Amino acid sequence: MELKLMARNIGALSVAKLVETLTRLVKAKLNAVFLGVEGLGIFSQLLTFTAKTSQFSQLSINEALVKQVAVNKLQPETKKYIYASIKAYLLIVPALFALLMTVLVVFYEQIANFFLGDNPQVLLYFFALSALPIMIVNGLFFAILRGYKDIKSITKARIGAALINIIIFVPLVLIFDLQGVVFSIPMMYTINTTFNLFFLNKYILRKHQLLFSKVFKANIRKEDIKEMFIFSGFGLTTGFLAMASEFVIRGIIVGELGIEKIGVYSPILALSGIFTGVFMSSFSTYLFPRISEAKIAKEKTDILNDAIRISTLALIPFVLLLISFRIPIIRLLYTTEFLDAALYLPFHFFGIIWQIWFVVLGRSMAPQGYVKQHGLFRGIFFLLDVVIVYIFVAVIKIGLYGWMLKFLISPVLFCFIYFFFLKKKIQFKISKENALVMSYLLFTTIMVIAFDLLLNVPLLNYIVAPVLIAMTFIVLRTKEQQYIFYRIKALLKKND
């Protein structure tokens, strides 16, 4: 039952995220044609800057709000508790955000110089910076939607916002070039916030008779503040390290290889984002409140196994096809300037497998109260990323292969770290059926990469990859096989 419910909810979220991803691919194609490698590198830097800075400024307090809403919505005095949680959030986050914005404005020249290289366009920096207040407001609305697990509203909001965003983006890039593309960043978040507020008001606030005006009259509970500060301690350390790690790594790439190399690697990040964007976002939205509700260790283990199974089965076709058809896909979505990205994609995608698994396990830490341990693990993870890139790019000097290795080494290592931690704390273990599917994914991915590197015959993998995907049938559960047969029969009858 849990697997079906999770599959249905994650499926709905995935459809929305897929629409977002497809619109991003359209943007990527336009950017590749009109901006070139260097322009796309600048846009990628600024987009990353806004995302990481916004994430840091909220210090994971939004995650605490999600947990409190998810738990308190089941209490007799629901409104009282939710108002108190929102008020606590509004007292902490804006104050922290104001401090961060002061630093970003005062030291704008140094930050822009570091991030965009010599002679940066400062106006572009401030365009990107203007998105941050909007993202903070959106964080509140989205946290309440997540806390109520209103998957339908989240799905509708994402699809609607994605479609409006692409309509606005096209004339901006065609008319205003790089300036228009960067201006689309605050525009994008404004539209996202508007849609989230609309669906929040329509399906949550009205339905449960919640009024923002009553938030300011609420009595703040000490336990809410305490929990938010625990999460903020986690957010301060991991958020700072996440932001600093990404900034330092990209600074190393720009300093050692040039900003155009950020552009060269961008197809890999965009293509991998098709999956990681869809599933990591969906798991974050669904798993956090769901595990917060779970009471016993076995229930948590079952939820995690279901999440691992769904993601692994989805990874099989995605990874095998993208590795095998990467060159024609890059030609289609970008230009020949970006074909060097094909060199780094196979092992980057092998790392994605481990990244998804460790993210699923990591998503269970904070809802169970392992906030400090999760913060420690994530902190080490981000520091390791910097060390890897520095050694392989700045010292050994193997170019973008050094950046690629950070997407492989760290996820593999921390997948095992999270597994053994959860095994000790909640007796977590991977089910036999999942172990079989996971092994099959690793084996087939290694096979496709080996064929590609040793034989260098792309046509061979065009045949092998679809065959290996079809053979996934043998590692499915009996019920899953029966379901596939049922769907095939239904489809054949429909076509008769």
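One-based numbering along the chain as shown.
Just so it is clear, glycine is given a Cβ too, placed from its N, Cα and C backbone atoms.
Unlike curated entries, TrEMBL annotations are predicted automatically.
Owing to the predicted nature of the structure, the values given are computational and were not obtained by experimental measurement.
Here is what TrEMBL records for this protein:
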TRANSMEM  88-108  transmembrane segment
TRANSMEM  123-145  transmembrane segment
TRANSMEM  157-176  transmembrane segment
TRANSMEM  182-204  transmembrane segment
TRANSMEM  225-244  transmembrane segment
TRANSMEM  264-288  transmembrane segment
TRANSMEM  308-329  transmembrane segment
TRANSMEM  341-363  transmembrane segment
TRANSMEM  375-396  transmembrane segment
TRANSMEM  402-422  transmembrane segment
TRANSMEM  434-453  transmembrane segment
TRANSMEM  459-476  transmembrane segment
Item to complete: Kindly say whether the transmembrane segment (402-422) and the transmembrane segment (182-204) touch, using the definition of 3 or more Cβ pairs under 8 Å where each pair is 6 or more positions apart.
Response: no
Worksheet entry | Other parts of the chain folded back onto the transmembrane segment (459-476), taken as Cβ under 8 Å at six or more residues beyond its ends | 313, 316-317, 320-321, 323-325, 436-437, 440, 444, 447-448, 451-452, 484
Response to the item:
Same-chain residues at least 6 beyond the ends of the transmembrane segment (157-176) with a Cβ under 8 Å from one of its Cβ atoms are 13, 15-17, 19-20, 23, 26-27, 30-31, 34-35, 145, 183-184, 187-188, 191-192, 194-196, 198-199
Fill in: Selection from 182-204, 341-363, 434-453, the stretch that has most Cβ pairs under 8 A to the transmembrane segment (123-145)
182-204
Worksheet item: How about the transmembrane segment (308-329) and the transmembrane segment (88-108): do they have 3 or more C-beta pairs under 8 A, pairs 6 or more apart in sequence?
Response: no
Worksheet item: Which residues of the same chain, at least 6 past either end of the transmembrane segment (182-204), have a Cβ under 8 Å from a Cβ in it?
Response: 42-43, 46-47, 50, 124, 127-128, 130-131, 134-135, 137-138, 141-142, 144-145, 148, 150, 152-154, 156-158, 160-161, 164-165, 168-169, 172-173, 176, 210
